[in-house]
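Student: Marked as domain 'Radical SAM core' by TrEMBL: B:21-237. Here TrEMBL flags B:C35, B:C39, B:C42 as [4Fe-4S] cluster binding site.
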Amino acid sequence: MTLTAITEADTPFLPRGVRTKFDSVRDIWVLLAPERAVKLDPIGAAILAEVDGTRTLNEIAGGLAAKYNAPVDQIKKDAGAFLMSLIERRMVELR
Amino acid sequence: MTMVAENETTAAPGTIPAPSVKPPMAMLAELTHRCPLACPYCSNPLEMTAIKSELKTEEWAEAFKQAAAIGVLQIHLSGGEPASRRDLEELITAARDADLYTNLITSGIGLTEKRLAALDERGLDHVQLSLQGVTAESADEIGGYKGGFDRKMAVAGWVEKQGIPLTLNAVVHRRNMDRLEETIALAQQLGARRIEVATVQFHGWAAANRAALMPTQDQALRAREIVNEARERLKGELVIDYVPADHHAKYPKPCMGGWGSTGLNITPDGTVLPCHAAQTIKGLNFDRFPEKSLRDIWYDGDAFNAFRGFDWMQEPCRSCDRRGKDFGGCRCQAMAIANDPYATDPVCSKSPFHAELVAAAEADSHADASELTYRVSPR
């Protein structure tokens, strides 16, 4: 398997054993994975909230752009880079 | 085992005040000290808890609830061999009911295909399977259990079939380090998402086997190269965590991410520890659950507060610009070698005991020793 960059037509999803949780003790969202707990900042949490395994990166970026009134190209780039960093750590997969 | 905490924010060392006590991220639950294997580097204490003293199902369930309430996100069900507990199924339900990410740390012995399916149904999140070697002969010699390797391979297959994410925990030492590339290849072959390559830490049982298991410096250097190369090559396929042989390092590891800062351990009888070897430090008072709540123990327990912050430190740690990075290193190692738990970890090149530690490791790594002292199971 060679790691290829995410494209806007890819549909990211959280594989089994990876999930988000609202941590009410710390008042933040966290991403839980095998032997890892990653604290999410509000942007990371917002991106992962859109990752439902049915929508493409293109659709996710479009949704976030409308919601936060931000340029879609910038969001596509940021969300892509963020998801790619999680793909490298096997916390996100693509279909 | 590495700690799960991943703090995404780090401040520059030397510029920060001692941090206030934060909620724990993870809890290691040693459900039992019983184990079919007898690995000569077992991290259980030399004096093990007897079966009759183990916490009951309901007590563990209450511990899981309290842990979640103070901020624990992940529970690691370990041992001994957790599958030796007949109530493992119920304990997994209890952990998931407490909304904890539930990890099973197992040798695989005691698991059947049917039992794994039951654990899966109860919401087990992840399995960490130990590996003693890449061949049946070498692995079973270390585990002291004939047929163990073949059984593990079967268990790995069942885990994969259930779709539960798998980590292979490969403990490495002088005898198997030269087969690290094959070890990583085996993890790929078994469909593991992650491999932990953990060099034996020479505490407890392992201390008796230093002369037989201490890796050579060449092996440690080579292992680092192999890990770095494999990490790059397998990015996105296999996550590789590496615990190096710290006898060859210049600076100590931030043991437990800092004492009492990220995780806690509970032994089979409910004794709550800042790290699994903490009982080797004389003079510390350890509290027991359920006599005291986990919240009281975490925030106010003597043992947890003993090495928090920087005030306990001596020189050269006290004024060192790395003190916020490695927290003076391992307290248990300071106890073992410097005979002072407040001393700088002798792994540190600034420690007056460093030369002695390096010389001893070097001598042990070239010792002509083949006899292993195996761990003995509790009654």
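Cβ from N, Cα, C; glycine included.
If you look at the structure here, what lies around each of the features I listed?
Tutor: In the predicted structure, the domain 'Radical SAM core' (B:21-237) carries a mean pLDDT of 96.
The secondary structure of B:C42 ([4Fe-4S] cluster binding site), as reduced to three states from DSSP, is coil rather than helix or strand.
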Student: List, in sequence order, the same-chain residues at least six positions removed whose CB sits under 8 Å from that of B:C42 ([4Fe-4S] cluster binding site)?
Tutor: B:C35, B:G204, B:W205, B:A206, B:R375
Student: List the other residues in this chain whose Cβ sits within 8 Å of the Cβ centroid of the [4Fe-4S] cluster site residues B:C35, B:C39, B:C42, in sequence order.
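Tutor: Near the [4Fe-4S] cluster site, the remaining chain residues are B:L37, B:A38, B:Y41, B:S43, B:N44, B:G80, B:S107, B:G143, B:W205, B:R375.
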Student: Enter the number of other CB atoms within 10 angstroms of the CB of B:C35 ([4Fe-4S] cluster binding site).
Tutor: 25
Student: List the residues of the same chain that sit at least 6 positions away from B:C39 ([4Fe-4S] cluster binding site) in sequence and have their Cβ under 8 Å from its Cβ, in sequence order, or write 'none'.
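Tutor: In sequence order, B:Q132, B:I142, B:G143, B:G144, B:V171, B:W205, B:Y374, B:R375 meet the Cβ cut-off.
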